[in-house]
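Before I ask anything, here is the structure I am working with.
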């Protein structure tokens, strides 16, 4: 196995490298007769697309998606719909600058997958990182746009809630604010602070990490599975598969270790439309199965390892040397990871929805 596929019923296989001709994915398991136009996928891709502000990589990629298979005009309406067969999506790479990486061809970047790819395969694609580049995540976003079409009534949203040691004020959370700043930040005041803060990081040639929060509202109670098919286990695996992610928590997460049983357990009351929870420390999942509350997942993204300051390393021959990375890189890769996290949430939920239908109807 080469481990380029995730999902069970809703399966996504991605392909391509950062500096290759193109990247893409094949989505298998999508039900038939779901309306799907390239423009619907493009909306999500444009949110992740690089070069839209000085706070992301200046690599200029239009990320125009092409649907190669799995769709046709509906015989009744004429609208383009899915056929139930594999959907192949292609995104061409148009702004590669492989020469920027020639000086590190034989050197390993500290904190990067260079060393481990070399250890596993005996070589690695130094040109932009190959498959280990965040460029690959554009394909996940494209797949996530299809997954959203399956999730009728479910709203998946994400936000950047921390950059470096600086956290947002949750009392000022405004979902509408996210579209007004380049950080996907729901706190207007903190977004203004991040602008100056990240400018300083960027101008110094360094980078910084971040924490992102992804939520899903409208997920029906009962979605998921116990033990080895847990919804939260699959969500954690999906988020950990994103480049640069080093930690995942659901609901109260690690803070639950500081709570008593009385504080942590989400008490329940009867309501007109079913059961009402008085809190959501569980993050919308108990025993691997959705409670019907909002699902809340947070993940930590490490600082970009390709930075402009000299670092000590070794080369392929094992000789000690110094490395300074050129090229165009995100000073905070967490910014563009918000749409990626949303996509992975959508893909996992779509997969579990189809599995749920297969088991209980």
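Backbone N, Cα and C atoms are what each Cβ position is placed from, and that goes for glycine too.
The NADP(+) binding site annotation in Swiss-Prot covers 48, 54. For 131, 132, 133, 243, 244, 287, 302, 303, 304, 305, 306, 328, the entry in Swiss-Prot reads FMN binding site.
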Taking the Cβ of residue 54 (NADP(+) binding site) as reference, which residues of that chain separated by at least 6 in sequence fall under 8 Å from it?
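Long-range Cβ contacts: 199, 202.
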Whole-number Å only: compute the distance from the Cα of residue 133 (FMN binding site) to the Cα of residue 48 (NADP(+) binding site).
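Residue 133 (FMN binding site) to residue 48 (NADP(+) binding site), Cα-Cα distance: 14 Å.
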Applying a 10 Å Cβ distance cut-off over all chains shown, what neighbour count does residue 304 (FMN binding site) have?
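Residue 304 (FMN binding site) is surrounded by 23 other Cβ atoms within 10 Å.
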Quick check on the binding-site residues: of 302, 306, whose CB has the lowest count of neighbouring CB atoms inside 10 Å?
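Fewest other Cβ atoms within 10 Å, among the binding-site residues 302, 306, is found for 302.
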Give me the long-range Cβ neighbours of residue 244 (FMN binding site): same chain, 6+ apart, Cβ under 8 Å, in sequence order.
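Result: 134, 301, 302, 304, 333, 334, 337.
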Within 10 Å of the Cβ of residue 133 (FMN binding site), how many other Cβ atoms can you find? Include all protein chains, please.
20
Which Cβ among the binding-site residues (48, 131) has the fewest C-beta neighbours inside 10 Å?
131
Which whole-number value in Å describes the distance between the Cα atoms of residue 306 (FMN binding site) and residue 48 (NADP(+) binding site)?
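On Cα coordinates alone, these residues lie 19 Å apart.
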Tell me whether residue 131 (FMN binding site) sits in a helix, a strand or coil according to DSSP.
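In the DSSP reduction, residue 131 (FMN binding site) maps to helix.
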